[in-house]
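Enquirer: Below: one structure in structure tokens.
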């Protein structure tokens, strides 16, 4: 036994050894951009999962009174919006508006009509997006005039509303749910297929490897977008199926990376040592090969997820991806791009969410690469 | 040299053949046909139209006929734009896409190359970090976000550029699309250039040149640049092929009548001939630009020989 061997075995009193992963984690923690991005991603994920329940608006609810409302931190309706909303309601009631006054958060309005006014007309006020809690304050004996009152419904549209009056905040969070889960779903599909295919080719080697890789080469030679569109054509607009399929297209790179890695791992001395010691093929695979493959796979996966999100957004932008009323960041950005003249917040906020997430994913991917790349040591 | 080019072009034919065959059968497997969408088309009329285009022949015969026509340079008629042949559509749209793509590529190479060189010369200083940050932004922000933001800022807020349209090729109409196409490329080229320039500046012949007292400028331009552009040349080949054949996003957002939209539209409408035409054009561009890259490579790096 040499001194060097003694040195590595010697300090047993140290609290445990450092595995590849604890080592990588320590380095990752030292990388501030990557850690900040990781925290940001966690927050974004939590916001997208929990957010749609916390926002008081449903992402499909249409507020007819609030079409293309600009974003605002204060509550709606604004002072000048009450009158037009009130006139809208009264027109629907088919009554003549008299004067109206506002006391606190209640409005009082006098109405007259040629025919007796039915009290059930109040439900027009209830149904409006601006008012609730409608009451009849007084009623003329002949029923031709009436004073109604209703409370103003205070609502917040922090990011404004879209073209048909849906709350953009709840839509953006909901879109995030879809975009992120599609990214993960398709990313996982690509990784599973790629790892299986690449590992098989790498391990079997020889002729099988050659044929399998030639198939990958041929698939590479077709324009990528052609593939994606063919998948859309085949799977229709069912987005879960489609993104499984998109994942099924993205495995080509993964297969190449894993195959190369598997080939080189197979030639390592520790594999030969394990073989010499009589470890079974499965044992070698599980104990030695898979853990050593994981590094590049994890790195590639973090870089694949933003790729898939961009792809999803791209397809949705073309109208091929997620369909209304379901939404994704690509759908929102597409709608925003069509309305930049009249409602630029429809573009700005979804784009901000998408781009910041992509940035964070990239930083985390780069950080992981630095942390896990053994050559860097 | 000429022999080499000829041989390369000849070996490209089998590749082209495989791509054409795959694309032909893939698009045919897809459910639906070019004349299915038109409502109220009676079965007899539909059968007549399909007979006119030979779509009622057995698939293998259609394939053989298509290859025969293709061999004579005939892409066939477009099914969904019935007054045009595929050749006419490309004759009208391709020059536009090529123009925009070429301008974007040129811009990307000049600006990206310069930025990358500046970053490499100021490694780990403020200028370097600025370039890296810009490059990260450029590669992260998708085109379909950049394009509407350019419209919003330059078109609507500052009123400097038209929001869209080709305007018969007026220069101002090209600025937005070219910028959108070029920005991600600038980012990638800058990154590549920075990396390869840092490496090139470490080479022995650069140290010798410096030791001989040559000025910084002449060391960089005459000696380092030659080696440093090699990775960019190999990147620029496929990138050029992709840029010159048009971008569906840019052409849709800026309403440019190029060929980028054809692929998506044609595949969705099962316009078989137009899909095939697009596949062939893209494949030819890819093959030609890969060849050009190899030739430039051999010119720049005398160690590479045509063999």
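If you go along the chain as it appears here, the first residue is 1 and each next one adds 1.
Every residue, even glycine, has its Cβ placed from backbone N, Cα and C.
The model shown is predicted, which means the values in this text are computed figures rather than measured ones.
Feature table excerpt (TrEMBL):
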| type | residues | note |
| --- | --- | --- |
| TRANSMEM | A:33-55 | transmembrane segment |
| TRANSMEM | A:178-199 | transmembrane segment |
| DOMAIN | A:180-365 | domain 'ABC transmembrane type-1' |
| TRANSMEM | A:211-233 | transmembrane segment |
| TRANSMEM | A:239-258 | transmembrane segment |
| TRANSMEM | A:297-322 | transmembrane segment |
| TRANSMEM | A:342-365 | transmembrane segment |
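Give me the structural setting of these features: burial, nearby parts and distances.
Expert: Here the transmembrane segment (A:33-55) has Cβ contacts under 8 Å with residues 167, 169-170, 173-174, 176-177, 180, 353, 356-357, 359-364, 366-368, 370-371 of the same chain, all six or more residues outside its ends.
Beyond its flanks by at least six residues, the transmembrane segment (A:178-199) meets 44-45, 48, 212, 216, 239-240, 243-244, 246-262, 289, 293, 297, 300-301, 304-306, 308-309, 311-313, 322, 326-330, 354, 357 of its own chain at Cβ-Cβ distances under 8 Å.
Residues 197, 200-201, 242, 245-246, 248-249, 252, 255-256, 259, 311, 315, 320 of the same chain sit 6 or more residues outside the transmembrane segment (A:211-233) yet have a Cβ under 8 Å from a Cβ within it.
Counting only same-chain residues 6+ beyond the ends of the transmembrane segment (A:239-258), those with a CB under 8 A from a CB of the stretch are 178, 182, 185-191, 193-195, 197-199, 201-202, 213, 216, 219-220, 224, 227-228, 231-232, 293, 296-297, 300, 304, 307-308, 311-312, 315, 321-323, 326.
Long-range contacts of the transmembrane segment (A:342-365) within the same chain: residues 33-34, 36-38, 40-41, 44, 68, 70-71, 159-160, 162-163, 168, 172, 175-176, 179-180, 299, 302-303, 305-306, 309-310, 313, 329-330, 332-333, 335-336, each at least 6 residues beyond the stretch ends and with a Cβ under 8 Å from a Cβ of the stretch.
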